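So that you can see what the record holds, here are the features copied from Swiss-Prot:
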type: TRANSIT; residues: 1-33; note: transit peptide
type: SITE; residues: T101; note: site 'Part of a proton relay during catalysis'
type: BINDING; residues: T102, I255; note: pyruvate binding site
type: SITE; residues: Y164; note: site 'Part of a proton relay during catalysis'
type: ACT_SITE; residues: Y188; note: active site, proton donor/acceptor
type: ACT_SITE; residues: K216; note: active site, schiff-base intermediate with substrate
Amino acid sequence: MSSSIIGRCHFVADSIEAAGTKRRTTRWRSPRAAVIPSFHLPMRSNEVKNRTFADDIKALRLITAIKTPYLPDGRFDLEAYDTLVNLQIENGAEGVIVGGTTGEGQLMSWDEHIMLIGHTVNCFGGSIKVIGNTGSNSTREAIHATEQGFAVGMHAALHINPYYGKTSLEGLISHFESVLPMGPTIIYNVPSRTGQDIPPRVIQTMAKSPNLAGVKECVGNDRVEQYTSDGVVVWSGNDDECHVSRWDYGATGVISVTSNLVPGLMRELMFGGKNPALNSKLMPLMEWLFHEPNPIALNTALAQLGVVRPVFRLPYVPLTKAKREEFVKIVKEIGRENFIGERDVQILDDNDFILVGRY
């Protein structure tokens, strides 16, 4: 048996002897070398595959919070995942968030998480910036995951503030100071999920580090304007506000959910100058995507477009049939040609979906 690299993904060639002849078959195998057998490896932040500077991250205008698709048994569907990432590259996205909220990092083991970051780097790291979500409400876990993420080659880390077991402002500063020295970092402020706002004082303190690439900000455009006036790079974390954030409040771009579905249109929204007509055209889709907590609607939409299997890791479940029917209408209004995939959009029945509780 021998191995080879095709498109930077791992393939294995088997030699098979039959009736005195020898033939070779090639089959794809997931990059097991990237799987960390023990989470607590003695890696250090200087042991990295790629060395990226914060300025390289600061320039990105369209970053997609990429979806993680699944096989019927709940394991990662890497073939579908690779298709999703390739479609982002082909349609002009400059970066992907791996294992974020949209990618359901909260439903992954750390072994899965680091493997997926490493796989994305190995297959696509030369074509798109790979930003690994290695944040945690435990500083200890955030340190270990970030060390390992940089060790397998991610270009930057995404860090949320500690949630549920909230800490003081001094605790927030200490938490972020523990991970910032490792490499380029985006701090993610989403109080609706964490229960705690990261105030500007904390970000201003973190901005003293050369590794702070910027902030993914979900509080609103007043906060975006405050940071941009202070010279802090900001990405809008709200798709429905990103056009105004970009062109009226100085945001560098967006870290987007909607771009999973219409990456080309989202690129146009971020690169092409003010375009209120396009923004209005996309607004029904954006509102539909966030009718229920993300990523429920996105998972449903990608399944209806036929680009991922209709498999959900619980506790996420698909949208109601009425909302699935509404999505078909939205696709027709925007134009099927603007969405990823080649199949006609479908209205899936309830029994088409697979819900996996053990994964």
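Quick reminder: no glycine exception, Cβ is built from N, Cα and C everywhere.
Remember, it's a predicted structure, so these values are computed and weren't measured experimentally.
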>> Going by a 10 angstroms cut-off between Cβ atoms, which of the recorded positions Y164, Y188 has the sparsest surroundings?
In response: Y164
>> Checking your reading of the structure: which of the recorded positions T101, T102, Y164, K216 lie inside a 10 Å Cα sphere centred on Y188 (active site, proton donor/acceptor)?
In response: K216
> Within the chain of K216 (active site, schiff-base intermediate with substrate), which residues six or more apart in sequence place their C-beta under 8 angstroms from its C-beta?
Replying inline: L158, I186, I187, Y188, N189, V190, V234, W235, S236, G237, I255
> How far is it from Y164 (site 'Part of a proton relay during catalysis') to T102 (pyruvate binding site), counting Cα to Cα, in Å?
Replying inline: 19
> By a simple count, how many Cβ atoms lie within 10 Å of the Cβ of T101 (site 'Part of a proton relay during catalysis'), its own Cβ left out?
Replying inline: 20
